[in-house]
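Peer 1: Annotations per Swiss-Prot:
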type	residues	note
ACT_SITE	Cys145	active site, nucleophile
ACT_SITE	Asp314	active site
ACT_SITE	His316	active site
COMPBIAS	1-19	compositional bias 'Polar residues'
COMPBIAS	412-424	compositional bias 'Polar residues'
COMPBIAS	436-446	compositional bias 'Low complexity'
REGION	1-23	region 'Disordered'
REGION	412-446	region 'Disordered'
Amino acid sequence: MNQPNPNKQPIVQSTSEQTSNEEVDTVLGRFTLFVKDLSNGLNGSQEVPPSQESVSEEAEVISRKIIVLGQTFDNFDNANDYIESKLWLSYRCGFEPIPKSIDGPQPIQFFPSIIFNRSTIYSNFANLKSLFDKENFTSDAGWGCMIRTSQNLLANTLLKLYPKNEPEIVKLFQDDTSSPFSIHNFIRVASLSPLHVKPGEWFGPNAASLSIKRLASELLQDQEIDGIKIPRVFISENSDLFDDEIRDVFAKEKNASVLILFPIRLGIDKVNSYYYNSIFHLLASKYSCGIAGGKPSSSFYFLGYEDTDLIYFDPHLPQVVETPINMDSYHTTNYNRLNISLLDPSMMIGILVTNIDEYIDFKTSCLDINNKIVHFHPHTLPVQQDSIINQSWEEVQDEEEEFINLNVSKIENEQQQEQGQSTDAPDEFIDIGNQSSSVVSVPSNV
């Protein structure tokens, strides 16, 4: 009988070796399941992707009210129909190529995001090679979720304004350079100063809000596209609104509408419970356009809630670009829920008002419930030597104007510069994407 050698040391793998082996096993396991499922799918059996599992069936009459973009429902079927009527934009594959940046992410990095999604393979199996271009991005799977949720927010804003113009609205978001709100144009305007976002890099709320503003500003304010007039876009970075500025917009422009975007962070690792009721209030407002945000590593479009569960559309299902446009692919019967305690603190909130009376009504509702997120001021404070607070949101007129973090007043910046202090503190917002990727931050003072 062999005796154990007391001098022989057990073989212990390093942490890095163990992690590497685990990653390999995970990938191999996923690939095995993928091939098995693909084989079953090509033989006629398909499953709904896990990320798109629908909400569970409920009784027709529910005990708790469902709130969706300012509408209240006590009947599940009615709520379900309303949710399904909203526009849903998700990952797309096979769109007009977006050239990669020399020093940016490589398209091949996102190969797993496409190959491990059965729906993409089923719908485009014959043209599989066209999805994998080493020099160009032909899909945003794996990196474009914040862009897609921002498109969701903007598209449903336009749908509130023009409920009978759904086909015309969807045309504005087609994945090509000629469509005003395409992913191509989001990338184009975000590549400018101060963001410098490259194709394949993840957006955060700041980048998303500035991109929407720039794209809207490129269109003449009095110009209509297929009967659709694009609203004015304002960014309130630290959630301050000034009454006199809103009044000026409506006084100067007849039939104006204003989309106010709040790119905010409401906590460190998770949303502080202090803000829960305020988030629910903004979603319940009849002026709500929803929230683009999510949980860590993913961005979702939140459009309502039931009790403490937020209702959202998930953009992480890749669909193949179709010509002519398949309108059914811009609606989904599979929406999900997320408890507010799991919500990532970094988000972009949208509010739409179409006249000064609506703004006053929105303001009154916020003051009545003591909303902790939005703050109102009667007048814009002039920039003076004794000023400690600067205007907290500004309007971009063209590409040359910069996106300024107005949490720091100009006077404070000047004082810091006189004292030799740096004013280039990084933006506190984190990107909602794969956290292993590089984070695009916006400088506070540019």
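Each Cβ is built from the backbone N, Cα and C atoms, and glycine gets one as well.
Since this is a predicted model, take the numbers as computed values, not measurements.
How buried are these features, and what lies next to them?
Peer 2: In the three-state DSSP reading, His316 (active site) counts as coil. For His316 (active site), the count of additional Cβ atoms within 10 Å of its Cβ stands at 21 [all protein chains shown].
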Peer 1: Within 10 Å of the Cβ of Cys145 (active site, nucleophile), how many other Cβ atoms can be counted across all chains shown?
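Peer 2: There are 27 such Cβ atoms around Cys145 (active site, nucleophile).
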